[in-house]
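According to TrEMBL, the protein has these features:
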ACT_SITE  Tyr150  active site, proton acceptor
ACT_SITE  Tyr160  active site, proton acceptor
BINDING   Gly15, Ser21, Ile22, Ile95, Lys167  NAD(+) binding site
Amino acid sequence: MSYNLLKGKRGIIFGALDENSIAWKTAERVHEEGGTFVLSNAPIAMRMGSIKDLAEKTNSEIIAADATNIEDLEKLVDQATEILGGKIDFVLHSIGMSINVRKGRHYTNQNYDWTHKGMDVSALSFHKVMQVLKEKDAMNEWGSIVALTYMAAQRVFPDYNDMADNKAYLESIARSFGYFFGKDNKVRVNTISQSPTPTTAGKGVKGFEAFINYADKMSPLGNATALECADYTISLFSDLTKKVTLQNLYHDGGFSNVGVSQDVIEKFE
Ligand SMILES: NC(=O)c1ccc[n+]([C@@H]2O[C@H](COP(=O)([O-])OP(=O)(O)OC[C@H]3O[C@@H](n4cnc5c(N)ncnc54)[C@H](O)[C@@H]3O)[C@@H](O)[C@H]2O)c1
């Protein structure tokens, strides 16, 4: 269903790799709601994924940018405002990667070069995106910026590895940068803490299958899907949530406030 929530709004969507990506679903929903946008991803993702299909489907252009590279981000923001014909109203940061996770290095035995790289890609890139947008005065008043996170920033999930620390850093950047963006430009900044979701990044976490089933059994409403996450994100891009900022918003079917569920108890009886 479409509510025309984003009619006339322009944005940048980072992180659509394939049709499972949360950013992919969000791009489709933004398009349905009347928003226009530029898609961006790392140059290597252009070759691996199928972002071109999404661009065709949503009438949007793709601009390659490594989100850790300031020059790439500057070019992206310049080109995006030119292509879209004005300042930006919404930005989705849907980017995450840990080399320690990918290569199976244990949390207590990290390769710190990989740790640095993962932190840069998964957390600091959010600061870089916002700093470039702010320096270029590229955001419209009442614009909305959203990044995706996970509850391992607050609680221990052993196999989430160094991504837990990256997410804690990401959430802190949302608050700290969001303060200045709010004061100076009336732009809001939030993170959405999403349920485990079967995407390329999600499935890269060790034990993902068992883990997603566990989360589903713990959540009174069940796990939130990527499409449901897209719907929530759209509400945050719309004018219906203008005073929501500096928040980490759980989108997890209730998981984060459940101690134990009846379903899980029964497994131990
Ligand atoms: N899947 C889950 O279980 C889950 C749960 C909570 C939060 N998240 C978060 O959601 C976000 C999106 O992930 P997803 O699950 O849709 O997986 P995904 O693999 O589809 O998306 C991750 C994206 O990050 C991009 N990326 C990696 N390095 C980059 C760089 N240097 N510059 C620009 N882009 C880069 C990838 O190309 C990819 O498009 C991530 O922040 C992830 O941590 C995922």
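Every residue gets a Cβ built from N, Cα and C, even glycine.
Nobody curates TrEMBL annotations by hand; they come from automatic prediction.
Counting other CB atoms no more than 10 Å from each candidate's CB, the active-site residues Tyr150, Tyr160 peak at Tyr150. The local packing around Ile95 (NAD(+) binding site), expressed as other Cβ atoms within 10 Å of its Cβ over all shown chains, amounts to 25. The NAD(+)-binding residues named in the record, Gly15, Ser21, Ile22, Ile95, Lys167, extend over a maximum Cα to Cα distance of 18 Å. For the recorded site, Ser21 (NAD(+) binding site), the DSSP three-state label reads coil. Reported as a whole number, the C-alpha separation between Ile95 (NAD(+) binding site) and Tyr160 (active site, proton acceptor) equals 15 Å.
Within the same chain, residues at least six positions away from Lys167 (NAD(+) binding site) with a Cβ under 8 Å of its Cβ are Ser122, Ala123, Thr149, Tyr150, Ala152, Ala153. Cα of Ile22 (NAD(+) binding site) to Cα of Tyr160 (active site, proton acceptor): a span of 18 Å. Rounded to a whole number, the distance between the Cα atoms of Gly15 (NAD(+) binding site) and Tyr160 (active site, proton acceptor) is 20 Å. DSSP assigns Tyr150 (active site, proton acceptor) to coil in the three-state reduction, placing it in neither a helix nor a strand.
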